[in-house]
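**Q** Below you'll find the structure I mean.
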Amino acid sequence: MTTREPTSLIPVWARTPTNRRPSKSRRHQLPISTGAMEEADNHRPASSAGRPFFSGLCAAALRRKPIGAHATASGEGLVRQLGVLELVLLGIGASIGAGIFVVTGTVARDAGPGVTISFVIAGAACVLNALCYAELASRFPAVVGGAYLYTYAAFNEITAFLVFTQLMVDYHISAASIARSLASYFIQLLELLPFLKGHIPNWIGHGEEFFGGVVSINILAPVLLILLTAILCYGVNESSAVNTFMTTLKIVIVIVVVIAGVFEVDVSNWSPFMPNGFKSVVTGATVVFFAYVGFDAVANSAEEAKRPQRDLPIGILASLLACVLLYIAVCLVITGMVPYTLLGEDAPLAEAFAAKGLKFVTVLISIGAVAGLTTTLLVGLYVQSRLYLGLGRDGLLPKIFARVHPTRHTPLQSQIWVGCVAAVMAGLFNVHMLSHILSVGTLTGYSVVSACVITLRWNDKAPNRRSLGIMSIWQEGVLCLVIVALCGFVVGLCYRFNYSIAFMVVAFLIAIAGCFALLFRQVYVAPPGFSCPGVPLVPIISVFFNMILFAQLHEEAWYRFVILSLIAVVIYAGYGQYNAAPSTSEQSSMGYQGVPSEAP
């Protein structure tokens, strides 16, 4: 039998280990490398018993999750049921939604036909982020967690918790907002039937405002959320089947729409291609950037992928490239069909085809919009529950979030919680008003993930590494990353508010100096599995560009970032630091579900 430690109220990381002969166990365990064990010892803080509150908080906050500790309990983990096709469709399903049916027209009003270049620029920036995600997904293929998990292993516990809170607010608000949009589109689809047109009350699907707009009642949005939550709770096979069908349907509809529109293109509408100059195209890229944010969903499905080390990088990169091609095709078609000045901002695709007299295509577009928003919402709810599952396992949230249904193999409690939060928000509030504070978590997560690729590549024990004396070589590298990020933010501010170009040049030169320090003062090792090319240059460029985009967000989004970070620190100080266990003896003694063999 495996010996068990007595129950103690002292946090696991603070307990003094006892010298006990290890007992033999028949349970098969994956080998943990000596390096991983050394890393666990290095990052496990000393006992905080008797310490002042602040010093104990600092000791807990700076913990890092040892790489060898990423495993799940057999019998209680998720089941590996997603192949490479399902992963690719998962990424596409999370991305192709309102972006292709709405955002294209909004940006085209300013950028003109150059909106195509906007999508190319944004797609190129997302490729850099996707390469970073692909490497880390291949390096941590055993469990869920995504950006939170990577940050926990590369930096420290409190930074990982901050990333989680920023991402969660984005996911909760966007889920409620998408649900209301889906309800509105669904009602519009029903009103194509003559006997229903004009007879459906606003409070059912479009929203009925009360108390000066503070409350906005929508009945259909919570119903749709409950339905999708039930599908996700039932099983990953069922939810994957729904996503596969709906995503395939909308891809087919988009391709049909593009083919039908090609015959209506007038090339004279593409001149001038950039009527308001290149700056409007770059500004458009900052808007459409968020139409690609689907590959994070693939990274969060690590524990349910059949062959994660091979399939996750393929799913991340293939889904992103497919989205880039679809967006470019749609932009070229709609800007070629009608002059960009005549494109609508609410339903540009439908209005473009209606102007050409192709009413039957507008019906297809409505169906495609419903399918697109459905898959985006489905995948968003899926990702949220897996993130809650990861934090519940690590003790940063109550253990109820760590429970997995023994037969359905889904995080039932986490999924129900996510669905209820979204349903309440979608049913009672006009969350579209909060859209200007969104995307903070997404950009934060992308920036930190890119930085994680760099820090996890460092070889701390290289003989030719020399500290400057003031700080360790690791601290020096982190400082350089922070400097690069801040310089990117300053460049973005200079661009946004038309400050003197001298400030932009100075910030850019400082960023280059930080880049050189990271390039020549650090020693990098090749990771197992997929390897992001051009490290550290590609991740550095990714961080820099993400921070330029961060500077383009609404000022209220910046306030939200600061306020939410302070709230997260308070929650962590009151709960997380006492309950988190990044590398417990319990984890290391579990029978591991492990990573399946990559052999065919």
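Placement of Cβ uses the backbone N, Cα and C atoms for every residue, glycine included.
So TrEMBL says this about it:
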REGION    1-48  region 'Disordered'
TRANSMEM  87-108  transmembrane segment
TRANSMEM  115-136  transmembrane segment
TRANSMEM  142-164  transmembrane segment
TRANSMEM  210-236  transmembrane segment
TRANSMEM  248-265  transmembrane segment
TRANSMEM  277-295  transmembrane segment
TRANSMEM  316-340  transmembrane segment
TRANSMEM  360-383  transmembrane segment
TRANSMEM  437-456  transmembrane segment
TRANSMEM  497-520  transmembrane segment
DOMAIN    530-579  domain 'Cationic amino acid transporter C-terminal'
TRANSMEM  532-551  transmembrane segment
TRANSMEM  557-575  transmembrane segment
**Q** Looking at 210-236, 316-340, 437-456, 497-520, 532-551, which one has the highest count of Cβ pairs under 8 angstroms to the transmembrane segment (248-265)?
**A** 316-340
**Q** Going along the chain, which residues at least six beyond the ends of the transmembrane segment (497-520) come within the CB cut-off of under 8 Å?
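**A** Same-chain contacts beyond the flanks: 454, 476-477, 480-481, 483-484, 487-488, 490-491, 536-537, 540, 544.
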**Q** Honestly, do the transmembrane segment (87-108) and the transmembrane segment (360-383) touch, with at least three Cβ pairs under 8 Å and pairs 6 or more apart in sequence?
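**A** Answer yes: the transmembrane segment (87-108) meets the transmembrane segment (360-383) with 3 or more Cβ pairs below 8 Å.
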**Q** Any residues 6+ beyond the ends of the transmembrane segment (210-236) with a Cβ under 8 Å from its own?
**A** 78-79, 81-82, 175-176, 179-180, 182-183, 186-187, 203-204, 242, 304, 374, 377-378, 381-382, 385, 405, 408-410, 412, 415-416, 418-419, 422-424, 426-430
**Q** For the domain 'Cationic amino acid transporter C-terminal' (530-579), report the average pLDDT of the model, please.
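**A** Over the domain 'Cationic amino acid transporter C-terminal' (530-579), the predicted model scores a mean pLDDT of 94.
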**Q** Test the contact criterion for the transmembrane segment (557-575) and the transmembrane segment (437-456): 3 or more CB pairs under 8 Å, pairs 6 or more apart in sequence, then answer yes or no.
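**A** They are in contact.
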**Q** Is the transmembrane segment (142-164) in contact with the transmembrane segment (437-456), using three or more Cβ pairs under 8 angstroms as the rule and ignoring pairs under 6 apart in sequence?
**A** yes
**Q** To the transmembrane segment (115-136), which of 142-164, 277-295, 316-340, 360-383, 532-551 is linked by the most Cβ pairs under 8 Å?
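**A** By Cβ pairs under 8 Å, 277-295 leads among 142-164, 277-295, 316-340, 360-383, 532-551.
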**Q** Going by DSSP, how much of the domain 'Cationic amino acid transporter C-terminal' (530-579) is helix, how much is strand and how much is coil, in residues?
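**A** Helix/strand/coil tally for the domain 'Cationic amino acid transporter C-terminal' (530-579): 40 helix, 0 strand, 10 coil.
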**Q** For the transmembrane segment (532-551), name the stretch out of 142-164, 277-295, 360-383 with the most CB-CB pairs under 8 Å.
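**A** When the Cβ pairs under 8 Å are tallied, 277-295 comes out ahead.
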